[in-house]
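Record features, source TrEMBL:
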type     : residues                                                         : note
REGION   : 1-44                                                             : region 'Disordered'
BINDING  : ARG54, ALA75, PHE76, ARG77, GLN78, GLU79, ARG100, GLU114, SER143 : substrate binding site
BINDING  : ARG54, TYR61, GLU73, GLU121, LYS139, ASP140                      : ATP binding site
BINDING  : GLU73, GLU121                                                    : divalent metal cation binding site
ACT_SITE : GLU114                                                           : active site, proton acceptor
TRANSMEM : 141-162                                                          : transmembrane segment
Amino acid sequence: MSGAANAPQNPPALHRPAQAEPPEPPHLHEPLGPDDPLAPLPFNPYKGNRGVTRAWKALQYSIKGFRTAIHNESAFRQELTLAAIMVPIGVFVPVEPVERVLLLGSVMLVLIVELLNSSIENAVDRIGLERNELSGRAKDLGSAAVTVALVTCVMTWGLILVPRFGPTLMHWIGARG
């Protein structure tokens with residue numbers, strides 16, 4: 001075997017002619033190499049925006065999703081109504097700043113989890129409306145997540161507000177009765 005047979009096919013970058021262009025980096029929709037276990041992703045024309053344009057489009061899609069949830073999801077409307085009552089209370093109730101963040105964050109958590117649950121339900125329904133054990137599990141798990149968020153919200157509000165205002169409220173109720 002001669003040394004020429006083992007030499008690389010392409011000369012080192014320093015010896016390439018000046019007009020040669022560097023190779024383009026792989027795109028996200030192309031495999032990373034021959035050992036890449038993932039199938040290549042199809043090109044997505046909706047992913048071309050960058051910078052402020054991307055942020056603006058993301059905001060528009062978020063508003064569209066929010067409107068869709070209001071128009072199509074009764075559970076989200078109910079929780080949004082409760083949030084419209086609880087957020088002003090959480091803003092103006094005399095509590096420590098950390099407690100205020102916990103009160104408002106627990107309400108936002110319920111809305112976030114409900115939006116995700118609605119997304120799961122819509123994706124499952126898109127696949128098919130026939131009964132399927134895995135589809136049922138996905139919907140049940142999403143519902144369980146909403147329940148956990150609601151319990152977290154109730155516990156947060158109770159643990160913060162009852163010690164502070166419970167005795168006053170009980171005194172006021174007892175004086176009225």
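Quick reminder: no glycine exception, Cβ is built from N, Cα and C everywhere.
TrEMBL entries are annotated by machine, without manual review.
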Among GLU73, ASP140, which are binding-site residues, the residue with the most C-beta atoms within 10 angstroms of its C-beta: GLU73
Fewest-neighbour residue among recorded positions, criterion Cβ within 10 Å, set GLU114, GLU121: GLU121
Residue among the binding-site residues ARG54, ARG100 whose Cβ has the most other Cβ atoms within 10 Å: ARG100
When distances run from the Cα of GLU114 (active site, proton acceptor) to each of the binding-site residues ARG54, TYR61, PHE76, GLU121, LYS139, the nearest one: PHE76
Cα proximity to PHE76 (substrate binding site), best match among binding-site residues TYR61, GLU121, ASP140: GLU121
Among TYR61, PHE76, the most crowded of the binding-site residues [Cβ within 10 Å]: PHE76
Residues ARG54, ALA75, PHE76, ARG77, GLN78, GLU79, ARG100, GLU114, SER143 [recorded substrate binders]: greatest CA to CA distance in Å: 33
